[in-house]
């Protein structure tokens, strides 16, 4: 038997990959290439040998900085491209990788060019904006002034005033003309300009306060929106004209204009002059517009040409930065000609790593080859499972609890089947199962498309768990067939029912019951149970017993796995003083219960199992009477009880005492410690993984063992009880679906009204989709999760390892996206 | 509601308290400061900061960097956090948060007024203003010629208006006047803030009264030291002290008559909390006093985080961040000017 187990070929997922601590000694000239080849390979996890150094004290800090600077430039390009709205037209072009130095120069050139173009176009834009504003001020303010001039200077222009008074603001101003006419000759002056619309109100208030009300403020919204140079957004502006008198007021108003960012433009009072200026401005505006357009076209062209390479450059810089970050984790050796690195790598990948190193040496024409050798490590290696699409989700479920200790038995292997099955026990309904199946199949069918695009967090979770969902739905269909539930409707799939009414009228079916007239229903629950008076007691008894059987089986599996762990780590102590008593304890109590359940099912006995179990403890020597299931049950019970009693001290005491004895034997007569010095041992790197120190503290070990034993003994009872949740949830699920079916759908169908029927159907559909398919799935999922994490895994799983995180370009790209 | 904050505080304040405690966990640690002090260039500082919460704010800055850029970006982060909290806050927390910025507002007003007095460019002055103390019409301050105008034109719209009504004179503005105005405003502001916190009651009142009292006392000492040897009369000096705090009222009487730093010291040493500060200084020295006060303040601010369900954490966090930015500014200046030996002169470690 032992031989057979040893000779089993190792399976990928049973235990994590064998890892080894390796040391690389790479000559400086080929170091960069070597590390980037290793990054492509992605199977080596470097250890940081410079952890005590701050980032800017490391060797390749300048290169890291340069990469940072370059990625800043690239971000700048990207911003510019997005700003110009060109992103959609970019198709990444794959070109041979350029040298880093060359790329740096190219980037600097491009950045310089872009900044220059930006500043040029900004200048142009500013002039353009100013002219545009001037134009608007002329248009709007002119109309205020015209009315002003008309009355003050000449009456004959009344005709034209009428023309201009079409502007509604003129009326307001003309009302005040009467008072101002006299002031006009005595130096009534005005300032015209343009201001952000949002600031206009406050501006007016401020002017009013500053001049103590001695001013007239006219405003009109500008017709066009003007681009704000800072935010590059279009903003609304308001043209204003302020009339005032006196020099002091003028300086004040100018200061306020400056403070509010209002641009002032002089508007000549003479009408013909105004026209002339307007004409000039218009011609200059059109000129500028063409220049601006040409500039923008030029810029867009430059940006597009950058855009072609942008993605490639970005990923290249990302890789370069990762390479230098990794190089920073390496140490210089004594001669300063080689870099020394340490890292974890799976045993199967050693050849590949070596090959990559050789390739690097060859490609960089290095005189000296890299040295690659395995070191022995004290620190526990990282845990690495090679998973595939299918197993990954299950491994994630286990990892969410804790990463497996290095090389310990991996519960994910069993989880692949037990998890969806326990879920299905709680979710048994083949109608609901088919709905889930459809969802899972859709996800899997669109796998290739969905895996490339970015999903929302909820969708991403569903997608990650698509294979879990698939198995869950298949098992639900299976359990649903056993429970004979389809949206709580029983079906006669496997032939007719075994029961029939006592007479033709079937009047006493609900009082006296049915009679069995042929062989039992071949698969699952007989449909006749549905709606009968004894439906619940029958199903409860069935599901409860089934839960206990499943639970005891799974817990036994857990304990057996602890045996394989003990075997694997050559700890006969654990086998003898932990595995054996645990197995005996669990099986003498609950294993026996399972046996009784099976016998009762097979024989159809009427024995009361509660009574048997309880009196097994209270009065084991009493006669069982009518509850006796088989011959010799009483002596067997006494033996089992004694075994269980013996098992408790067995798992509690021997282990700590034997550990203590072993420890004192090992250090017999050695009352001096080992010399701790790195000077005598040139191999030991100062920060290497080889540290050895082990303190033995008896009381701690004993307390730990005590906690462990008590936990197991109490846990045996409470965990078994915990498996009853399988029954409880399954009951809740079937009752809920019965309620929705009978109280909503059938009730609505009772009316002969299409609207009520439709409403009933809609409510039923919503309740099924949201409560039964979503909430119930979630709750059954969580309970299945708990049964695995707590009841199953606490029998053997330590879960205190750490994950293997190789240096890999593929992973870096994923992180950034 | 006194003493029952735990029951109702989280209804409105729980989220923001969590946020602010999260921000506080992002403050630079002693290890960060150690690394920063070893930096050789400003780029090193940027590189180190990019691993902290300041990272996103600094990553798009092209080198070569300047100290002002670093400080500006770090302040921007604080402002962003503040604005986020203010948006999320409900009454009375939002008012409390606004109160925190009034101090900066007073400083900005004084900065602009002094600047225009010395004929500086308004735009240049605006850049120097602390972004937390900005208000809409701040640029218009330059128009005002005297205090009455200042009040009537600009400040009447700001929350500072009630404080200002106490110090209106129609005198023309000069350096001395402005300094007195700053201190009067500050006094009124602190008293108002103190009253507001008392009104809030509970742990907020308890903790904030301690923090504000310390602030008031520190200002009193600073006013005294700075006014020694000026033409400020004793009565005027007395008027600038806030009417609360540990020194109020007897300590103020003594401070008001002080003629040199040693007299101040004698007056202050009667108060046990301040004794320890002054005992660290040698006689006649006042340069290190600022640092000593800052250190004491940081200690008290950190203690504010020990208690839950009060608004003091917001005040404390803002102050701590400001102190951190001051530290960063000092370190960057030292690095930029190759004065690394002086780095430790003014850095106040927060943890």
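In case you wondered, yes, glycine gets a Cβ from its N, Cα and C as well.
The coiled coil annotation in TrEMBL covers A:100-127.
For A:421-445 (among others), the entry in TrEMBL reads transmembrane segment.
Residues annotated as transmembrane segment in TrEMBL: A:466-483 (among others).
The transmembrane segment annotation in TrEMBL covers A:546-566 (among others). Same-chain neighbours of the transmembrane segment (A:546-566): 5, 408-409, 411, 414, 418, 422, 425, 572-575, 578-579, 582-583, 586-587, 590-591, 593-594, 597-598, 716, 719-720, 722-727, 787, 791-796, counting only residues six or more beyond its ends whose CB sits under 8 Å from a CB of the stretch.
The transmembrane segment annotation in TrEMBL covers A:578-599 (among others).
Among the features that TrEMBL reports, transmembrane segment is placed at A:636-653 (among others).
The feature transmembrane segment is assigned by TrEMBL to A:754-775 (among others).
Distant neighbours of the transmembrane segment (A:636-653): 577-578, 580-582, 584-585, 588-589, 592, 616-617, 620-621, 705-706, 708-709, 712-713; these residues of the same chain sit at least 6 beyond its ends, with a Cβ under 8 Å from one of its Cβ atoms. When Cβ-Cβ distances under 8 Å to the transmembrane segment (A:421-445) are tallied for each of A:466-483, A:578-599, A:754-775, the top count falls to A:466-483. Same-chain neighbours of the transmembrane segment (A:754-775): 429, 432, 435-436, 487, 733, 736-737, 740-741, 744-745, 747-748, counting only residues six or more beyond its ends whose CB sits under 8 Å from a CB of the stretch. Per-residue confidence over the coiled coil (A:100-127) averages out at a pLDDT of 84.
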